[in-house]
Ligand code: BGC
């Protein structure tokens, strides 16, 4: 019988942290186009709207930077709970806000939460997931993000028909609900076994592993013991090397990877996806679409649906093809939007609008811009969206993973902040040229990935060490390798009795040689 609480349900539940991230992304897009919002907050345009939108990303940047400190000290689980509590306070402040400053403070607080959860949820998930489905489990986070974006947008769309400030207060208050569920529910969930072991809670680490991996909860299950042994080895070598993970982050050996994972998150933001997520209403209005609220709702559905293929097949396709093809195709759609706006648009006579360029009287051009926007969203959803989160934890060893992922996530938020701030004034000043700039960023991302990002699918960290150290030609990494079966081999040795694992408190493994069953050999 399948147990209710298993790796999938725990990861899916933790992904509620991702849903908060999604709520955050679309918490503005569904209200900025409404009269109720514009009247109440004094018609914020350009930099003023940019400041409101990007306050959340600024908070997230700080949250992401503090996440590894919290996650390493208090555990991944408790830190995610702290994040959820912050989110609840932030939601209350936003929905009760009496003006722009209070709204900005509420968004900063909620942002702190998203920074913490967006770094620690993937780490928690990858530390409880079996290696073979790690890619899939981490992409659940992206799936939850897309759901969060869509659900919040629909709530805002529904509330936009209310003719009072309730039209934005209700959606901002409802944001607290998933956070309450996450905060309370996590009390019943285990802490990460790897974190427990790093704090010398060996007994509990073994029990959690047995709970996660063995249907019968059996602490003597060879697979459980093999993984336990692997964690123990890692922690021992870390302690022997006395590695200071902060220094190691920028050591000659790791520098390249840490910078690459930061760059992947930066390119994912510079892909232009968030111009659509945050400001699609402006883009569509500028393209001449009358019911822009409804037209934008469709993009959020596309975003959810197109993430599914990646969850199902990313462990098969590999990361490099997704990033390379994703960048080129995404760039193409953005150049097309820019070109269509340039060719068929004209200055907007209504200067009080957030967009100063408009397409009028060219219904086919309007439809083509709408199609290209949808295709851009679909392209990102199946490629950079999930892979952007999967790749950074995959290319660094466990001992520096939390810190390196925190830096990569902070880069995501720093770029997100800069864009949230810059896009509204740029849309007003350089109009269609903005899409050419984002198109060019995608070309740059393609070139960078081509020369610097190896395939990680089915590769062990040792194999990746070789690639990074000796510069294996990257085209060869397209081919992938056979999956590492070190864990299976350990489990087999335990099962047939030639490897014995000591009990917690003093964990020691000994090999019993077959020729002389009495002479034990400690594993090096
Ligand atoms: C990105 C967000 C983006 C979202 C869209 C995430 O991976 O980090 O910035 O809005 O995908 O689905």
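Glycine is treated like the rest: Cβ placed from N, Cα and C.
TrEMBL lists transmembrane segment at one of the ranges 230-250, 293-313, 461-481, namely 293-313. For the transmembrane segment (78-96), the list of distant contacts is 14, 17, 20, 27, 59, 63, 67, 70-71, 102-103, 105-117, 120-121, 124, 169-170, 172-173, 175-176, 179-180, 182-183, 186-187, 191: same-chain residues at least six beyond its ends, Cβ to Cβ under 8 Å. A Cβ distance under 8 Å defines the sequence-distant neighbours of the transmembrane segment (293-313), meaning residues of its chain 6+ beyond its ends; these are 26, 29-30, 33, 136, 139-140, 142-143, 146-147, 149-150, 153-154, 157, 160, 276-277, 280-281, 284, 322, 370, 373-374, 377-378, 380-383, 385-387. Within its own chain, the transmembrane segment (136-155) has Cβ neighbours under 8 Å at 7-8, 11-12, 15-27, 29-30, 118, 121-122, 125-126, 129, 170-171, 174-175, 178, 277, 296-297, 300-301, 303-304, 307-308, 310-312, 314-315, 381, 385-386, 388-390, 393, counting only residues six or more beyond its boundaries.
Among the recorded stretches 52-71, 102-124, 170-189, 322-344, 364-384, the one sharing the largest number of Cβ pairs closer than 8 Å with the transmembrane segment (405-424) is 52-71. Residues 5, 10, 13-14, 16-17, 19-20, 23, 27, 30-31, 77, 80-81, 84-85, 87-88, 91-92, 94-95, 106, 110, 113, 148, 152, 155-156, 159, 162 of the same chain sit 6 or more residues outside the transmembrane segment (170-189) yet have a Cβ under 8 Å from a Cβ within it. Across 52-71, 102-124, 258-281, 364-384, stretch 364-384 shows the highest tally of CB pairs under 8 A with the transmembrane segment (322-344).
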